[in-house]
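The next block holds one structure in the form of structure tokens; read it before the comments.
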Ligand code: NAD
């Protein structure tokens, strides 16, 4: 039987793969035989450790240092991936940061850093990857890790909500541009997920957030990774331009 979740012979590029959701997606795809290229920002030891974890699963894996906000770095990573792996089949735009503050205290730098890392990064990497996918003429999949913050807006996150909503607009526009070439573009909008991004939340705020989640708990990076794997797989070839909220029912 043909297993649509078998990624043997395929290479997927993930931004921000050294920890959290990006690492979980890398491991989930590698467990299904995908070769993995991933970028990291500054934690070289963590990146090397993930590279080894992936290789231990029997796949090719390579980490590339690149600031997601840097346009030239993204073009260079995609060139290196093509040289190293021969071809590319999918991209996960995952790198992201938060700098939560009320608008009244938010600095220009908080705005620029969050918009550049979460949204300009998607332009940077997608532009290089789409050019390669078009040249390869075999279609492909792009998955943008947005957030429910971009769907409903969250107080204290005007910068992050704007960036994540921007990713959703980008997803729908690009999906229309490249559908005729067999390239799908979707967004996955997680709710509250247990990673380093949320571990600093105070107990009081965490309890308040839990009250808003019908399923009564935060999600795990592995749960998000399994959904991402489906959206990148052959089983999802007829899905494009969609935003899937994986949030325990929060947005419902
Ligand atoms: P995390 O902080 O554990 O991981 C973020 C990743 O992005 C790290 O690998 C980090 O190295 C990378 N990164 C940050 N700045 C970078 C830069 N300038 N260049 C390259 N890489 C950079 O957080 P996470 O929870 O794993 O977040 C992953 C994605 O999921 C982010 O886009 C985040 O906005 C999104 N998200 C997370 C949650 C959550 O509750 N954790 C909810 C919704 C969406």
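Glycine residues also receive a Cβ, built from the backbone N, Cα and C atoms like all the rest.
A TrEMBL annotation is a machine prediction, not a hand-curated record.
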Quick check: of 93, 94, which does TrEMBL put in the same NADP(+) site as 16, 17, 18, 19, 160, 161, 162, 163, 164, 193?
94
What Cα-Cα separation, expressed in whole Å, is found between residue 193 (NADP(+) binding site) and residue 160 (active site, proton acceptor)?
16
Can you check what DSSP calls residue 193 (NADP(+) binding site), collapsed to helix, strand or coil?
strand
Just checking: which of the recorded positions 160, 161, 163 have a C-beta under 6 Å from ligand 1?
none
